[in-house]
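Student: The substrate binding site annotation in Swiss-Prot covers ARG70, SER71, GLY72, ASN83, LEU87, ILE88, ASP89, MET97, and the record cites sequence analysis as its basis.
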Amino acid sequence: MHALQAKILDPRIGNEFPLPQYATPGSAGLDLRAMLKEDTLLEPGQTLLIPTGLSVYIGDPGLAALILPRSGLGHKHGIVLGNLVGLIDSDYQGELMVSCWNRGQTAFNIAVGERIAQLVLVPVVQAHFEVVEAFDESQRGAGGFGHSGSH
């Protein structure tokens, strides 16, 4: 397990609401909460940047964090991330913000403290480019979209 440094930017975290935590021993994501000043109605088609009240510092360049949607919000209510996935670099130290987009047909109320996204730590391998004239042959080659069949 990796120790993740965190700064609490909203005093309600740790008092009214717990620090992000894993829901079960097998959970991959830590739940992030909407640390809004008041409940907010997200209209259909609207995107809103929501503070989490928390900043983190990963510190290890071999790791990054992803902010991902919560499956229930997307499936049941059409609430997904406006940027689809948020990437948190290992040297970022600012507040974690969640871009929420209502792709549904009805307005959705985001309550103060509601779990709106999840944070997942992932390994990172940094690459450098090696410029070549040609690639070694592979079975796929340059086959792109639909190369393996229609269904």
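Here the Cβ of each residue, glycine as well, is placed from N, Cα and C on the backbone.
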Student: According to DSSP, collapsed to three classes, what secondary structure does ARG70 (substrate binding site) have?
Tutor: coil
Student: Quick check: in three-state DSSP terms, what is MET97 (substrate binding site)?
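Tutor: MET97 (substrate binding site) sits in a strand per DSSP.
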Student: Look up ASP89 (substrate binding site) in the DSSP assignment and report helix, strand or coil.
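Tutor: In three-state terms, ASP89 (substrate binding site) counts as coil.
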Student: Please identify which of SER71, ASN83 has the densest Cβ environment, defined as other Cβ atoms within 10 Å, among these binding-site residues.
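Tutor: Its Cβ has the most other Cβ atoms within 10 Å: ASN83.
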